[in-house]
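What follows is a single structure, written as structure tokens, with notes after it.
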Amino acid sequence: MPQQNSPAGQSGDFPPFAQRHLISIADLKQHEIIDLLDRAEQMIAISRQERKSLPTLSGKTQINLFFEPSTRTQSSFEIAGKRLGALVVNMSVKTSSVSKGETLIDTAATLNAMRPDVLVVRHSAAGAVELLSQKVGCSVVNAGDGAHEHPTQALLDALTIRNHKGTLAGLTVAICGDIANSRVARSNLLLLGALHVRTRVIAPRNLLPAGIENLATEVFTDMEAGLKGADVVMMLRLQHERANGKMIPSVREYYRFYGLDEAKLAYAKSDAIVMHPGPMNRGVEIDPAIADGSRSVITDQVEMGVAVRMAVLDALLPARNDA
Ligand code: NCD
């Protein structure tokens, strides 16, 4: 076990991390996922100290390149980089409707010339972050690409679950709502699957992605059946912006059948925790009383987010002696 309370100014001993980029959970081996969660554990301790800093990224430049608006994820990466001593620059880019491909590659070349050490990228197109990683000379972290992946979200979710339940082994995690459009669901299914955690997805038929039966998860269209015996209830936002046309007949009907309220939460285990990646549509997928209630760990997820992103940056950018 790694040391949990390393003194300030020193990160614990971990073997070198073999990956240069973090594009997708699918690229990580089981031991690499556990390594990142263990590193994040140390970062929680550091973030709870009065002096919340480590010098591991001092002298390095991190550029947050967000082609899609984001408050939570961008500030989380910004705080993570700053706590590790990096120079952090935020760039929000509005994609031109004309030639998105060209814009992306041009932007990559421009930023690359500024010699950053890491680019943290969010883009509305699946695959855009990987493409960009092939055009630059630095590490690239995927902060969400279309409906493809959001790896740091899955890592922070796993860390939150592990800390609340003590372990991930033997748990049943139910992911509910707009699975079809969710990069969060996809990354979580991959991560939990790699750690042999039992997963279920619960959604109306039209919000389940094609081919879901082929993934190692149980599929439900009914909340009562799907939540029965669940240790973790993970709610997802209805992704209006990614839906082509109308997703649901009415918000009221969606809430009635799929919104998490007291009555539906009662189907899960009595000690089940409630999660949501944010931003929440209160009264659409979740009752505000549940979101703010004692079973909710939603603000813990935000805290774990900073720790996980510190861990990822620390792992991808090891301190090297410039000879
Ligand atoms: C998620 C995202 O952007 O994929 N949110 C986030 O990272 N804070 C989930 C969502 O948008 O619903």
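Positions of Cβ are set from backbone N, Cα and C atoms, glycine also.
What TrEMBL annotates here:
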type	residues	note
DOMAIN	20-162	domain 'Aspartate/ornithine carbamoyltransferase carbamoyl-P binding'
BINDING	ARG72, THR73, ARG122, HIS150, GLN153, GLY278, PRO279	carbamoyl phosphate binding site
BINDING	LYS100, ARG183, ARG237	L-aspartate binding site
DOMAIN	170-315	domain 'Aspartate/ornithine carbamoyltransferase Asp/Orn-binding'
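Structure coloured by features recorded in TrEMBL.
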residue : record                           : DSSP (3 states)
ARG72   : carbamoyl phosphate binding site : helix
ARG122  : carbamoyl phosphate binding site : strand
HIS150  : carbamoyl phosphate binding site : coil
ARG183  : L-aspartate binding site         : helix
ARG237  : L-aspartate binding site         : coil
GLY278  : carbamoyl phosphate binding site : coil
Fill in the CA-CA distance, GLN153 (carbamoyl phosphate binding site) to ARG183 (L-aspartate binding site), as an integer in Å.
9
For ARG122 (carbamoyl phosphate binding site), which residues in the same chain are close in space, meaning a Cβ under 8 Å from its Cβ, but six or more apart along the sequence?
LEU65, PHE66, PHE67, GLU68, SER70, THR73, GLN74, VAL129, ASN142, ALA143, GLY144, ASP145
In this structure, which of the binding-site residues THR73, GLN153 has the fewest other Cβ atoms within 10 Å of its Cβ?
THR73
Secondary structure tally of the domain 'Aspartate/ornithine carbamoyltransferase carbamoyl-P binding' (20-162) (DSSP, helix then strand then coil):
65 helix, 27 strand, 51 coil
Could you check the binding-site residues GLY278, PRO279 and say which one's CB has the fewest neighbouring CB atoms inside 10 Å?
PRO279
Which one is it, among the binding-site residues ARG72, HIS150, GLY278, that lies nearest to ARG183 (L-aspartate binding site) by Cα separation?
HIS150
Let me make sure I understand the structure: which of the binding-site residues listed (HIS150, ARG183, ARG237) has the fewest other Cβ atoms within 10 A of its Cβ?
ARG237
Mind looking up the mean pLDDT for the domain 'Aspartate/ornithine carbamoyltransferase carbamoyl-P binding' (20-162) in the predicted model?
93
Where the record says ARG72, THR73, ARG122, HIS150, GLN153, GLY278, PRO279 bind carbamoyl phosphate, what is the longest distance in Å from one Cα to another among those residues?
16
